[in-house]
Amino acid sequence: MSKDLSAAPEIPKEDDRPKWDNKFQYILSCIGFAVGLGNVWRFPYLCQIHGGGAFLIPYFIALLFEGIPLLHLELALGQYLRKGSIGAWNTISPYLGGVGIGSWMVSVLVSLYYNTVLTWVMWYFINSFQEPLPWSVCPLNENRTGFNEECHESTAVNYFWYRKTLNITPDIAESGKLQWWLILCLAACWLIVYLCTIRGIETTGKAIYVTAIFPYLVLTIFLIQGLTLPGATEGLIYLFTPNLNILKNPRVWLDAATQIFFSLSLAFGGLIAFASYNPTKNDCEKDAVTVAIVNSMTSLYASIPVFSVLGFKATTAYWDCLDRNIVNIINEFDLPEESIMRQNYTSWISFLNSSYPEKIAGLKLKNCDLQEFLDQSVSGTGLAFIVFTQAIILMPGSQAWAILFFIMLFSLGLSSMFGNIEGVFTPLLELQIIPKSAPKELLSGIICLISFLIALSFTLGSGSYWIDIFDRYAASVPLLVIAFFEVIGVVYIYKIKRFSKDVEWMTGRKLNLYWHIAWRFISPLLLLIVFMAFVTLQLQKTPSYTAWNPKYEGFPMKEEKVYPPWVQAICVLLAALPGMCVPLVALFHLVKKKCRSKDPSFVPSEVFSCQGANSTFSHPK
């Protein structure tokens, strides 16, 4: 931070840094990074459990005062300083270097497990070419005298996911074996990521045209097909019917704030890296608003085909339930076939209940309620690999729909992986971990190879339990901590006055009051509240997980288990380590300064100084 903010410093120098081919490529890359699997498999679920359309109220409030301001801050910072996360925060102040290191660590941890999720998607995609689909029927047992017992007791869809894909162990402490089919798919996924990120944005910029645009095409196809399915209307009514009473629940507001935050991929460092390849004279304010709105609109758009299909699945299950009851009643009372139909089922039941209550009670008919089937809410892998795959089986031309669905998921995940890898790649490139003469391809190769070797642990029988841990702890609390220090660092250390002048120089106009209020007060306060609420909720319950255990007495229900102490210690480490980088790095520089100050030849500098503020990274008056 310059002592004299009114000094007339030099214009930022152009360097040999790679540049985007055009503005559209950059916007697509940011959208591709922000729009990921969560838009398809988490946002609709949150709408479903939190009052349908009512959830949009806290969601858009969080977007306005948390999402857009933080997105603008990261894009402006990367664009002005033209550095990755570590370099940018070191430039603002060495004491804030931990912010960059923390976001780099999160990008590494998320990349490890996120690409394993794509491994599962690839495995399902490969199997989608079989006829019939392998998750549509149970295999025979070893004696070929009946169906496999585990599959018969659960469902074909569950069996294919838990046994044929994951080959899951009944306990996290039981590692199991490496699954060769997942290893091959994992290697293929990392090879694809390597080929697409081989030279940083020079190659991802080309691939993004396919990976960012293609999912919208598939979503549109699913939308058209979904709306023609029976029960689609019921699914959409269920999704968007607002229940305003639910807004009294603080959990709804917390989920809205965290969904916006994680959906925009804030604090990963990838957005700072992407923006650093922009020309300094670029409207980053407009970019931030565009990316945030497209991301949120995509979530809404994806919800329509998802719940059209889920409404179809619920209606089909409801009809099956009615049909089974109808067959039982017709056989018991020796009625003519088709005398009882779905349309007149309710009136028949009322009549028979009043006339023959004992006979009806003896039949033990199932209670068929469409609302109950619609209430079966799931998110994440449960939605993608169990509920949606089950729905696809029921659709005409199921094979083609399965292929399309998993290509879409792979494209969504791959474009998000580009941002994660960029958050890892750019800082390492700037730190010159390898000699400057060495090709970028070598650094990309080293990153992907090491990541692949570490991620092999996720292909073990217990791998999916660990992915859940990484997702729950490494990609949650650390990001909130890092984002909080990002805002504090810019507003109160770099100073909002200086930052406003930087943005004004880049965009050609002054920042309005909205940005000042959001950055100074609302955004940091919201982050603090969300962080405290998030941690409080986590501390209120013992960390646990649900295990797939065929020997469990309640099977096919999953068994609730508490994490062993050593796993809980790893959970704490994953949640705390990236965030702890911020105070640890600041403490290191403080101790270093104290030690150096004892040297009589040492001339002390400002505690917080934007290195080279008066020369390299400054704007004219």
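Cβ from N, Cα, C; glycine included.
Annotation source TrEMBL lists Na(+) binding site at Gly32, Ala34, Val35, Asn39, Ser263, Asn295, Leu412, Ser416. Summarising the annotation, TrEMBL assigns transmembrane segment to 26-43, 49-71, 92-114, 178-196, 208-232, 252-277, 373-394, 400-421, 442-467, 473-496, 517-539, 566-591.
Here the features listed in TrEMBL are placed on the structure.
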residue: Gly32; record: Na(+) binding site; CB count, 10 Å: 29
residue: Ala34; record: Na(+) binding site; CB count, 10 Å: 28
residue: Val35; record: Na(+) binding site; CB count, 10 Å: 27
residue: Asn39; record: Na(+) binding site; CB count, 10 Å: 26
residue: Ser263; record: Na(+) binding site; CB count, 10 Å: 23
residue: Asn295; record: Na(+) binding site; CB count, 10 Å: 24
residue: Leu412; record: Na(+) binding site; CB count, 10 Å: 28
residue: Ser416; record: Na(+) binding site; CB count, 10 Å: 28
For the recorded Na(+) site formed by Gly32, Ala34, Val35, Asn39, Ser263, Asn295, Leu412, Ser416, name the remaining residues of the chain with Cβ within 8 Å of the site's Cβ center, in chain order. Ile31, Phe33, Gly36, Gly38, Ser265, Thr298, Ser415
Counting only pairs 6 or more apart in sequence, are there at least 3 Cβ pairs under 8 Å between the transmembrane segment (208-232) and the transmembrane segment (517-539)? no
Quickly jot the same-chain residues contacting the transmembrane segment (252-277) by Cβ under 8 Å, restricted to those at least six beyond its ends, or write none. 17-20, 26, 29-30, 33-34, 36, 38-39, 42-43, 46, 50-51, 54-55, 58-59, 61-63, 66-67, 70-71, 74-79, 81-86, 88, 100, 103-104, 106-107, 110, 201, 246, 284, 287, 291-292, 295-296, 299, 416, 419-420, 422-423, 425-427, 475-476, 478-480, 482-483, 486, 526, 530, 533-534, 537
Under 8 angstroms for C-beta pairs, at least 3 of them, ignoring pairs fewer than 6 apart in sequence. Is the transmembrane segment (473-496) in contact with the transmembrane segment (566-591) by that rule? yes
Given pairs 6 or more apart, does the transmembrane segment (373-394) have at least three Cβ pairs under 8 Å with the transmembrane segment (92-114)? no
Take the C-beta pairs under 8 A between the transmembrane segment (400-421) and each of 26-43, 49-71, 92-114, 517-539. Which stretch has the highest count? 26-43
Where else in the chain does the transmembrane segment (442-467) make close Cβ contacts, counting only residues six or more beyond its ends and a cut-off under 8 Å? 108, 111-113, 115-117, 119, 166-169, 171-179, 182-183, 186-187, 190-191, 193-194, 197-200, 381, 421, 424-425, 428-429, 433-434, 545, 547
So if I exclude everything within five residues of the ends of the transmembrane segment (26-43), which remaining residues of that chain have a CB under 8 angstroms from its CBs? That is, six or more out. 20, 75, 117, 201, 204-205, 208-209, 211-213, 215, 259, 262-265, 270-271, 274, 277-278, 287, 290-292, 294-295, 298-300, 302-303, 306, 379-381, 383-384, 408-409, 412-413, 415-416, 418-420, 422
